[in-house]
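Copied over from Swiss-Prot, here are the features:
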type	residues	note
BINDING	Gly171, Asp172, Arg173, Lys174, Thr175, Gly176, Lys177, Thr178	ATP binding site
SITE	Ser372	site 'Required for activity'
Amino acid sequence: MNNTISPGEVLRVIKERIENFDNQVKADSVGEVISIKDGIAIVYGLEKAKFGEVVVFTNGVTGIVLGLDCDTASVVIFGNERSVGEGDTAKCTGKLMDVPVGFELLGRVVDALGNPIDGAGNVDSKIRLPVEIKAPGIIARQSVSEPLQTGIKVIDMLIPIGRGQRELIIGDRKTGKTAIAIDTIINQKLHNDTVSEKEKVYCIYVAIGQKNSAIARIVDKLRVSGALEYTIVVAAGASDTVSFQYLAPYAACAMGEFFRDNGMHCLIVYDDLSKHAVAYRQMSLLLRRPPGREAYPGDVFFLHSRLLERAAKMSDEKGAGSLTALPIIETQAGDVSAYVPTNVISITDGQIFLESEIFYKGFRPAVNVGLSVSRVGSAAQIKSVKKVAGSVKLSLAQYRELEDFAKFGSDIDVHSKKVLDRGRRMMELLKQKQYSPLSVAEQVAVIFAGTSGCLDDISVNNVGKFEEMLLKELNENYPDVLSNISNNFTDDVKDLLLDIISKVTSSFK
């Protein structure tokens, strides 16, 4: 038996192997960390690095390239900077920063990278989206036409917000800015419980630079009220690095865009963009960028405009989804003419202005109706709201003017006294306790009681009690009237509502 292998056979096998050899050479752009300070790593050798590219260090910590020089790249670290040292290698990934998105994140508390921090296990999301993408163009949008109810009388009646709008909440510290945003999120439960999955409003709350105790309190309130099940909380607290505080709103916006681009509706609250601008200023100064006004870098306007422009009401061809933004700005001593407040005011579609003076007088929410405005929301109001609330803002303006005049102690004619009396009752009607949102029909019924003059004979101190009794009467004995108010506020419904109001007011005489 001949076991020898012929040379020809060997040659054939070698030729076959050479022909089938798949030489896949992958060239990586690798650099070396030459210095690290305050969360910024200076890396030498990343010649092919691109601005915004994700870089991975030796120990698996990631970073983003936010500065490019001749020989070095400045990389902002996302993670424990102490685990990155001089001499470590840094490798370009060729990717942009992305985060997990989808329904799996609902009810969870995550950090700026989408990692869960609530101790409830991993987030099993299969979809990831880049944190920074271009805002929808002109053709991809349509005008704001659907209302987004906050459940707060003074806002829904006088400063209405529509789906796809950017409405700024601005005011000094401790004036109730976060309270309005949280009430709006809680109010969506009234809406979500009665509509299909496609029509639900999903919510995202972004905490930037806040105390962890305050974030925990908000999460607990959302959980107790049943709102956490349709809400994502993205937290970058005061103890987190500036890189996380900078990235958090963009990451949250990407999560919201998942709902918007799939024909659904999402509400996102940025709390707050003042701290976001401060974090970006700190990061920019560490990156050796030249400072401008108030030491902010020159592109601080673009920082917020590219974020807020991603909120939109999409066209029917794009699924008709929406992303509504409620950015929050904290002012110092009521100064709305500072750099960041004026920037965000010019970007947004209106502002809800909260004043300390009004707050300390006991008027909550402390909204200054005269300075607050909604530039596009009125187009989204339902007919019953337009009928009832159309004249309220004008009558309140007349009331404030006469109130200033009356302080001088001059004699007031009968008409002016009537305007003052009705104005005081109207202001009392617009007061509302925190965490007690009202449906649109309930708001219309309450405001109608004030505008129709039915409360003129009730003392101002009893207006709050009257409101409680009216809402109780409507919900217990006349639920069909409330549904008719929402659908079509006809003269018949109006007459029936007047009878109910008269019945309630009679108990105060």
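In case you wondered, yes, glycine gets a Cβ from its N, Cα and C as well.
Listed in sequence order, the residues Glu330, Leu354, Ser356, Phe359, Ala366 complete the 8 Å Cβ shell around the ATP site centroid, once Gly171, Asp172, Arg173, Lys174, Thr175, Gly176, Lys177, Thr178 themselves are left out. Burial estimate for the binding-site residues (Arg173, Lys174, Lys177): highest at Lys177, by number of other CB atoms within 10 Å.
Classification of Ser372 (site 'Required for activity') by DSSP places it in coil, neither helical nor stranded. Among the listed binding-site residues, namely Gly171, Gly176, the Cβ with the most fellow Cβ atoms inside 10 Å is that of Gly171. Each residue contributes its Cα atom, and for Lys174 (ATP binding site) and Ser372 (site 'Required for activity') those atoms are 18 Å apart. Most buried of the binding-site residues Thr175, Thr178, judged by other Cβ atoms within 10 Å, is Thr175. When the alpha carbons of Thr178 (ATP binding site) and Ser372 (site 'Required for activity') are compared, the span between them is 17 angstrom.
Secondary structure at Gly176 (ATP binding site), as computed by DSSP, is coil. When the alpha carbons of Gly171 (ATP binding site) and Ser372 (site 'Required for activity') are compared, the span between them is 11 angstrom.
Sequence-distant neighbours of Ser372 (site 'Required for activity') (same chain, 6+ apart, CB under 8 A from its CB) are Leu158, Ile159, Gly350, Gln351, Ile352, Phe353.
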